[in-house]
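Engineer: Pasting a structure below so you can have a look.
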C-alpha cells in the first residue's frame, strides 16, 4: 500500500498552528474529503469536537471546505468521539469528522474521520483524500454549495443511546460514583448518564475552559479521582479522557482498575451469560496477569500491536467481540463500532449488578503481575535489538522468568528509544531483569 503523507494511525494530529494542524490545511482537508465523499451517498457529513479552544477554528475551516465541495454539514458541537461515530450511523451520513487530540494537552489537536457505519475510515479512502489534497481547491458553483445546520438534540440522543446499553431490569440506585470528565467532551454527558440510571454522581473535571482538557484530571492522570473516591467514601470512580473513547476505573479502596482488568470483567460477564464469542484481544502491552486469568477460565486470548486500530483489525480477523488496551481503549463490538468510555463503564456496572458484586470482587481472581518499563535512548542508524549481546540478555531473562514472566523489546516509532518491558511475579526481580537488558542495550548504543 502507498505510504500516507498526512494521515497517521489515528488521523492527523499535532501542535496547533504548526506542521499539519493549521486552519489552511483543515480548509483544504475538508474540501479534499468532500470531493471524495461526494462521489456517492447522501452528501451529508457530521462534525463533532472536544473542548479545546482551537476546536472552533478547525470546525469553521472544515465546514467551509466541505461546503465548498458541495457537501451538507451537520454540526454537533462538543461531543465525545464515540458519539460522532454513533450519530454518523443513525443519520446515515456519508462520514463523521472528529476534531480532537484525545488525551493530549490543549495545545495539540487532531482531525479524524469515521465512515458511514461508524468505523474508522478505510485506508484506501484516506489515500484518495490525500491525492485530492495535492490539487488546487476549486469551489463548486453557488447553487451546489453545501448547507450547514446544527444537530440540536445530539446530547439527548447520545445519552439515551448510552443508557440503552444498561439492562432495563437493573438500576444504579444506591451507588455513589465519582465521574472524571477530564474537562473534555463528556463533561455534559457522562454525569447525566449515570445520574439518570439512578446513581449518586460526584462530577469532577466537568468545567472545561478550552485550555484545561486533560490537565491533571482524566484517564491519564488518576491522582485526583483516587483521592476523591476515598474522600467521598464512594463505591467507585470512572475516569474518561478528553474525547471520551478511553476509560480507567477506581475501586472503593482508591485502587486503579485499568483496561486489562476491565477486559477481564467484561469477558467473565459475557461468558457467564453464554454470549462470549471466541475470546479476548489485548495488545503486546497487556499484562500477563490478564492472559493467565483468562487461561484459567478457558477463554482464548490474542495479542495485537499497540493501538486500538490494530485491536479492531484482529477482532475482525478472528470474529471475536471484546478487545482493548491496558490504557483504557475498550472495544465491545456488540455495543458499538469504536472505543467508548461511557459505554464500557456502563457494561462494567451492569456486570456488578447482575452478579451483585463490588468492583473489588469482580477483579479479585485476576492477579496483576508487576510490570517494569525502561526506555533506553540510542544514537545512530543501527538497531540495538539486532545485537547478539542484547539477544543473549533477553534469552537469559526469559529463561529465569519461565512461564510466569514475559519480556518485550520494541523500538519507538517516534523517538530513538528502545522500550524494555519485563513482567514477573516479584517486582524487585523484574526491575533487576529490566535493568540487565537495558544495560545490554546501552552497551551497544
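Cβ coordinates are placed from backbone N, Cα and C, and glycine is handled just like the others.
Look at Swiss-Prot and you will find 102, 241, 243, 245 tagged as Mg(2+) binding site. Taken from Swiss-Prot, the feature phosphoserine covers 102, and the record attributes it to sequence analysis. Per Swiss-Prot, the feature active site, phosphoserine intermediate maps to 102; the stated evidence is sequence analysis.
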Engineer: Let's check the environment of residue 245 (Mg(2+) binding site): how many other CB atoms sit within 10 Å of its CB?
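Structural biologist: Excluding its own Cβ, the number within 10 Å is 31.
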Engineer: Just how many other Cβ atoms lie inside 10 Å of the Cβ on residue 243 (Mg(2+) binding site)?
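Structural biologist: A 10 Å sphere around the Cβ of residue 243 (Mg(2+) binding site) contains 35 other Cβ atoms.
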Engineer: Using all protein chains shown, find which of the binding-site residues 102, 241 scores highest when you count other CB atoms within 10 A of its CB.
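Structural biologist: Answer by Cβ density within 10 Å: 241.
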Engineer: Taking the centroid of the Cβ atoms of 102, 241, 243, 245 as the Mg(2+) site, which other residues of that chain lie with their Cβ within 8 Å of it, listed in sequence order?
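Structural biologist: Leaving out the recorded residues gives 50, 80, 81, 100, 103, 184, 185, 240, 242, 244, 246, 339, 341.
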